[in-house]
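A.B. asks: Mind having a look at this structure? Questions to follow.
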Amino acid sequence: MSFMDEYVKPFIKDDLVPFVIDAAIAAAIIFIGFALVKKLHKIMRKALEKRGVEASLVPFLTNIVSISLKVLLVITAIGIMGIPTTSLAAILAAAGLAIGMALSGTLQNFAGGVMILIFKPFKVGDYIEAQGHGGTVKEIGLFITTMTALDNRTIMLPNGPLSSGSMVNFSTEENRRVDWTFGIGYGDEPAKARQVLLKLISEDERILRGEGFDPFIEVGELGDSSVNLKCRVWVKNPDYWPVYFQMQEKVYNAFNAEGLNIPFPQMDVHVHNA
């Protein structure tokens, strides 16, 4: 009996043909499956963009779904070819765990970026304070958020601590309250100072009026050198800083014109001759 008859033909008959058939089926699954995943990727992208999902989040969501489906297709194809997939799944799980532990900080920032993009505690253009920094949000990435401070410094905050820590958003509400403390001398009348302040407030069109926006002016503290009046008004968010700074100069000029003293800390030194 020849080598062909003894070894090759039985192999072709018993092993090769089924293997080729299984390999063809596996290849077809991968080819057709990848094509369907690509089409699904485009459909998902359009659907997410139509729903107004954050632009930075769209490619992440579509890519993670596409990669997951492709990995599932490859594992299915390997199983059809008769290769055990249990060991492969265990290896992938172990590799994923090792990578996750090595990149724990990076993954935390990544997860934080996803949470920020989904729940939107702030958006680009908002002024926020977080992690000891304040600034206007310029970009929300998957790993870091970039802000510009009032002095034009660029601040980059990792999304992990940013999403899990405390944060103040000054741009969420349309209106914002302005608070001042104005001191007058103990010899001056608070009622007179109140009238001066009310006149200045009424002359500024940027200060809101109406129900719920009445100005608050009351004696808030009897200080060491002055009677301190607390003054609170409401303005539109963009007007906050202009009103805050300009009103202080107006009050200074008006108090001087009305004879109201603006005290400053003083110390009396008495010298006794021995």
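Every residue gets a Cβ built from N, Cα and C, even glycine.
Pulled from TrEMBL, these are the listed features:
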type     : residues : note
TRANSMEM : 16-37    : transmembrane segment
TRANSMEM : 57-83    : transmembrane segment
TRANSMEM : 89-119   : transmembrane segment
DOMAIN   : 106-171  : domain 'Mechanosensitive ion channel MscS'
DOMAIN   : 178-262  : domain 'Mechanosensitive ion channel MscS C-terminal'
A.B. asks: What mean pLDDT does the predicted model reach across the domain 'Mechanosensitive ion channel MscS C-terminal' (178-262)?
C.D. replies: 93
A.B. asks: If you run through the domain 'Mechanosensitive ion channel MscS C-terminal' (178-262) with DSSP, how many residues end up as helix, strand and coil?
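C.D. replies: Reading the DSSP string over the domain 'Mechanosensitive ion channel MscS C-terminal' (178-262) gives 35 helix, 25 strand, 25 coil.
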A.B. asks: Report the DSSP secondary-structure composition of the domain 'Mechanosensitive ion channel MscS' (106-171) as helix, strand and coil residue counts.
C.D. replies: 20 helix, 25 strand, 21 coil
